[in-house]
Amino acid sequence: MGRGSGTFERLLDKATSQLLLETDWESILQICDLIRQGDTQAKYAVNSIKKKVNDKNPHVALYALEVMESVVKNCGQTVHDEVANKQTMEELKDLLKRQVEVNVRNKILYLIQAWAHAFRNEPKYKVVQDTYQIMKVEGHVFPEFKESDAMFAAERAPDWVDAEECHRCRVQFGVMTRKHHCRACGQIFCGKCSSKYSTIPKFGIEKEVRVCEPCYEQLNRKAEGKATSTTELPPEYLTSPLSQQSQLPPKRDETALQEEEELQLALALSQSEAEEKERLRQKSTYTSYPKAEPMPSASSAPPASSLYSSPVNSSAPLAEDIDPELARYLNRNYWEKKQEEARKSPTPSAPVPLTEPAAQPGEGHAAPTNVVENPLPETDSQPIPPSGGPFSEPQFHNGESEESHEQFLKALQNAVTTFVNRMKSNHMRGRSITNDSAVLSLFQSINGMHPQLLELLNQLDERRLYYEGLQDKLAQIRDARGALSALREEHREKLRRAAEEAERQRQIQLAQKLEIMRQKKQEYLEVQRQLAIQRLQEQEKERQMRLEQQKQTVQMRAQMPAFPLPYAQLQAMPAAGGVLYQPSGPASFPSTFSPAGSVEGSPMHGVYMSQPAPAAGPYPSMPSTAADPSMVSAYMYPAGATGAQAAPQAQAGPTASPAYSSYQPTPTAGYQNVASQAPQSLPAISQPPQSSTMGYMGSQSVSMGYQPYNMQNLMTTLPSQDASLPPQQPYIAGQQPMYQQMAPSGGPPQQQPPVAQQPQAQGPPAQGSEAQLISFD
């Protein structure tokens, strides 16, 4: 940071204050001096200025850019290295994109353009030139460039040189001889050769620092030269014809000496008159410019044309080489006449009001009252510009405008310049100023113009205050507009948040409604599921009830006593894969299939089934007395059709399917009644050869007559099968479709030949044969 960091920060805050109305050059120059003399490091200073440049307030940013411009122009290479790099250029480009203030944007463009022109011959600062070219390609409009803006006075203190001996006396450095550096030339010296201290203005070092003796002498010689140069003639005198005259005093003869004596006498007289006039002037000054009044009265001064219009006095000593312009100032009679007229004219003690005073708009400033004071009579009075309006050209009481003001200032400047030149000329020639009437007359003329000059200064101060007030009002308006813009932005933000909140509430309500509808849907689905479960339970209950009823029916059948069943109506049918009964009922009831669990044969059905029915079929009815005891054993487990003869157990069904195997219950005592009866012989039906496979056989439906049975003769109808019985007839022509088991080999089913083609291998059965019974159970 450096030793002067606190001072630097204070000066930087002062130079970039937002309360400034114009640039504070004094603080900026002090900042430059701190950096140049090394009290503040260049890197720290540039970083601090960058922070001010990035400030939100555009006034602070603009003043910070002014500080950066001055630092770059006055502080040399150390600052150039910190500013003319890629990081700083990128920061300025970003600031240009973000900044909306026109003045700040123009200042950034102006600085980049000036730096690009100043560093165009420096290869290490080429990034500035590249940035300038890129911004031109991007379309940025740079302000008008003046080459004088890129003139940098970059003188800085030289770098210190390191060595082992003194640069002047060549003494080796050691423990007792320390190294010292001269701040002016940068060389290394011993303590004796660098014992002087001096300021170095060209490097901005205003405090006394250690320098070597040659540099000290050089700096002091320059200081003495500057002190003597203050007495040199100004450029106005050097360009005038008076400067071309010979400055050596001419050779004096007797005539010249006499003229000199007369001149001295005239000067003495003029001095006495001047003293008297000085007393009168002081009195008039006290009355015309009271200390309590802020606006002093103005006095009219003779214009430049009136000073040169009088004829030249022939008695005045003039040489041929004297300028005629100077001769006019040496006209004593003219100035004496002017003094007499000034004494006769009264001096007003009160200000003279104007007929139409100029109104001062705004700020409550009152227009100053113009007072005409004529210490020297003249034909034309000089204008006194009042403070006019801000949008119109200021008018004076005599109708003259700013041009008269400029003429007055030009005449005053010429009078002062001539007065100074005359004083210097007298000094160089060794003349006494008190004896020079031209100097006295010029002094009186300038003294008469002085009050009017003060009046003009007061008016300018009032106008400055007025415009400063306008600038304050503009700043207030700008701040008010900024506050209004902020309020509008805040209002828009509030509306946007309210809209977002309303949208969020609407989304929440929609989500709640959707959740309620989902819950209702879930409840509806749950109710439907419960109803479906309830229906399934009811169906299951009904099925269980039916199963219970069937079980009860089966139990009732098992518990009912057996009744004798006449077998005369039964027709023996062969079992082909199952047992099928073809009852011979009434014509209105065709033969049906009775599965397991059927209710046929129950007492309820026995009422109808017990009615006699005509026998249907080609075979006669079987007498009930021809029962054979061995027929009881021919009971097939599945309900199906029976044949005329009972087949042996090996021929009852195919062995491929155990589900169709014949069930052979043990004969009981209940079947003895049936066995005691003699069965009726049936016609012999040839039995076809047994096939290893069972197939589906379709033919014409044949009604077979049988005696209906009931629960009482159920047990008696169950046949018993014996090994001595003939084999069961497997097929009868004209029977309903039968189901036979398919062969495992997948071959086509073998169809039984019709009855007409079957050989009559068997004759009618014997008297002792038993008829085969069919079970519907």
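Keep in mind that glycine also has a Cβ here, set from the backbone N, Cα and C atoms.
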**Study point:** Residue from Tyr216, Tyr608, Tyr660, Tyr706 to which Swiss-Prot assigns phosphotyrosine
**Key:** Tyr216
Exercise for review: Run through Lys192, Lys207, Lys513 and tell me the one Swiss-Prot describes as N6-acetyllysine.
Suggested key: Lys207
Revision key, fill the gap. Looking only at the recorded positions Cys169, Cys193, Lys207, Tyr216, Cys185 (Zn(2+) 2 binding site) has its closest CA neighbour at Tyr216
Exercise for review: Could you say whether, by DSSP, Tyr334 (phosphotyrosine) belongs to a helix, a strand or a coil region?
Suggested key: helix
Point to revise | Between Cys215 (Zn(2+) 2 binding site) and Lys551 (N6-succinyllysine): CA-CA distance (Å) | key: 140
Revision key, fill the gap. According to DSSP, Lys551 (N6-succinyllysine) sits in helix
Practice item. Please report the number of other Cβ atoms within 10 Å of the Cβ of Tyr334 (phosphotyrosine). Key: 20
Revision key, fill the gap. Ranked by how many other Cβ atoms lie within 10 Å of their Cβ, the binding-site residues Cys169, Cys182 are led by Cys182
Point to revise | Spatial neighbours of Tyr216 (phosphotyrosine) that are distant in sequence (at least 6 apart) but have CB under 8 A | key: Lys196, Ser198
